[in-house]
Amino acid sequence: MAAPKDSVQDTKLSLDNQAKDTEVASHHEFRDPYGLSAEEQAFLDNLPDKAKKRAISKLDWRLIPLLAFLYLMSYIDRTNIGNVKIEGIMDDIDLRGDRYNVATCIFFAPYCFFEIPSNWILSHTKRPSWYLGSLVVSWGIVMTCAGFINSYGGLLAVRFMLGLTEAGFYPGALYLIGRWYMHKEVQMRIAIFYSASAAAGAFSGLLAFGIAKLDGTAGYRGWRWIFIIEGIISVLGGIVCFFGLPDSAERSSKWLSPDEIKFLQLRKRQSARVASRSQPENSHEGESKGFPWKTLKNVLLDWQVYLLIVIYWSNAMPNYGLKFTMPSVIKGMGFTSSTAQLLTIPPYAMGTVSALVSSWIADRYTWRFPFIVFGQTLIIISYAILFAYGPTVDSRVPECYFALILACIGFLPILPSTNAWAISNLEGPTKRAIGLAWMISVGNLGGVPGSFFFKTEEAPRYPTAYASSFSVAGAGIIAAVCLELAYSRINAKRAKKSEEEIRVSYTEEQLEKMGDRSPLFRYTL
């Protein structure tokens, strides 16, 4: 009688073991490095390379030029105060003393504060085109109103509202680029997008030169027409955004085929490096209801974000200071206002080339660090030249103008590299959205002291501006080196364990929740 009982127990034990084996097997069954099903992987494998390139090309032409144009207008509208400075606004509304510097820096108060909530809203909306389009139309209206101010208080109000309405666009555009493209593709796209700021520097000078010729038309000064016309252009750009900006692959059937839509969806999942199935771009890591306070806390406690912020500061302080003042700096070399407007074009044009070339190389080798350090080094050299020759700027015009060009060549590659670094190393859509916004908002606070670097009473020598600028650039190099060494050390430590060992120790859900802290995650250097 005992034998049947033992047999039943043996059978039960065998079934239990089989169940455990099945559970373990199911944990690894059909798993590929990207979390795709066999059918999905076969689709990607069998889709011709020509079709893949065509889909990406369609996306490129639909997304990047529009974002770049809108950022061009955003940058023109925030920095054209530098162009109108030499077109009569200083006397017309009595911008004596530090009033001009205060007017430039007040922009950053709402700009920095509203970037995080704006990016959170964007990450939860199904129609980014409507949200970003509304922002563009809003700042265009504010800019147009700037043409009708009659007092210093009016200028402060306009600058404050401009910062409020522009706050969400830049981090929002970066978030969209990160959502559409794989990590190895983002820097070149960001560079094209960000190069609009360089184009803005060049184009705003040319545009201001032309618009200023309207001085006296309808009884308005030239500087008023600069504000009015550039504001109207932004409003028109916002209207185009409503209808032209792609929201998601699912909503793109008018310009993408079904296979192209499927490819763009799957390739983003294929870029996931944390778990077997990547988090979809509309997931919010378990915090889809209400504001993701837990994710915000993780961002605020993330060491890498603060090193990225220091790099951002080291660019924002000298960059904004120069962009708000470059026409005045060039005029101080002995040129007329009109010539100074035109001479802002070559530095920004060379900076654009620098950003595009360095970003192409960085994406090719998936290495961000050297291009940040290279840019900061050029900034140090350029401002050292300006500091040394500032007291004799009248007799050193070629050297000082060359230094301005060199500074722009250094400035422009830094932020595309920094933003691409952040997009690649902040894992998970919600953390990426909030982390980018936090980095950009705090980083842009560097524009506040930068607005006071160039003191009116120190013109045309500006010793404070030049000494401060190459000092903060040195701090940026130190931060970049620390970040590179930390990433390398963590990657080496994580590489000591195989993927199989890690998956035995953690569930798939745990790996997903860890994000960039997962032992499977590898930081981009």
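Cβ atoms are placed via backbone N, Cα and C, with glycine included.
Listed in TrEMBL:
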| type | residues | note |
| --- | --- | --- |
| DOMAIN | 63-491 | domain 'Major facilitator superfamily (MFS) profile' |
| REGION | 1-25 | region 'Disordered' |
| TRANSMEM | 59-76 | transmembrane segment |
| TRANSMEM | 100-122 | transmembrane segment |
| TRANSMEM | 129-149 | transmembrane segment |
| TRANSMEM | 155-178 | transmembrane segment |
| TRANSMEM | 190-211 | transmembrane segment |
| TRANSMEM | 223-245 | transmembrane segment |
| TRANSMEM | 303-322 | transmembrane segment |
| TRANSMEM | 342-362 | transmembrane segment |
| TRANSMEM | 369-389 | transmembrane segment |
| TRANSMEM | 401-422 | transmembrane segment |
| TRANSMEM | 434-454 | transmembrane segment |
| TRANSMEM | 466-487 | transmembrane segment |
Worksheet, complete the sentence: For the domain 'Major facilitator superfamily (MFS) profile' (63-491), the averaged pLDDT of the predicted model is 90
Worksheet item: Excluding the flanking five residues on each side, which residues at least 6 beyond the ends of the transmembrane segment (100-122) place their CB within less than 8 Å of a CB in that stretch?
Response: 78, 81, 85, 90, 128, 131-132, 135, 152, 155-156, 159-164, 166-168, 170-172, 175-176, 291-292, 296, 320, 324, 433-434, 436-438, 440-442, 444-445, 447-448, 451-452, 455-456
Discussion item. Six or more residues beyond either end and a Cβ under 8 Å away: which residues meet both conditions relative to the transmembrane segment (466-487)?
Written reply: 303-304, 307-308, 310-311, 313-315, 317-318, 321-322, 369, 372-373, 376-377, 379-380, 383-384, 386-387, 390, 410, 414, 421, 425, 446, 449, 453, 523-525
Worksheet, complete the sentence: In the same chain, residues at least 6 away from the ends of the transmembrane segment (223-245) whose Cβ sits under 8 Å of its Cβ atoms read 62-63, 66-67, 69-70, 73-74, 76-77, 80, 83-84, 87-89, 92, 128-130, 132-148, 204, 207-208, 211-212, 214-215, 217
Worksheet item: Who are the long-range neighbours of the transmembrane segment (342-362) in its own chain, taking Cβ under 8 Å and residues 6 or more past its ends?
Response: 187-188, 190-192, 194-195, 198-202, 204-206, 209, 326-327, 330, 335, 368, 371, 374-375, 401, 404-405, 407-413, 416-417, 420
Worksheet, complete the sentence: Relative to the transmembrane segment (303-322), the stretch among 190-211, 369-389, 434-454 with the most Cβ pairs under 8 Å is 434-454
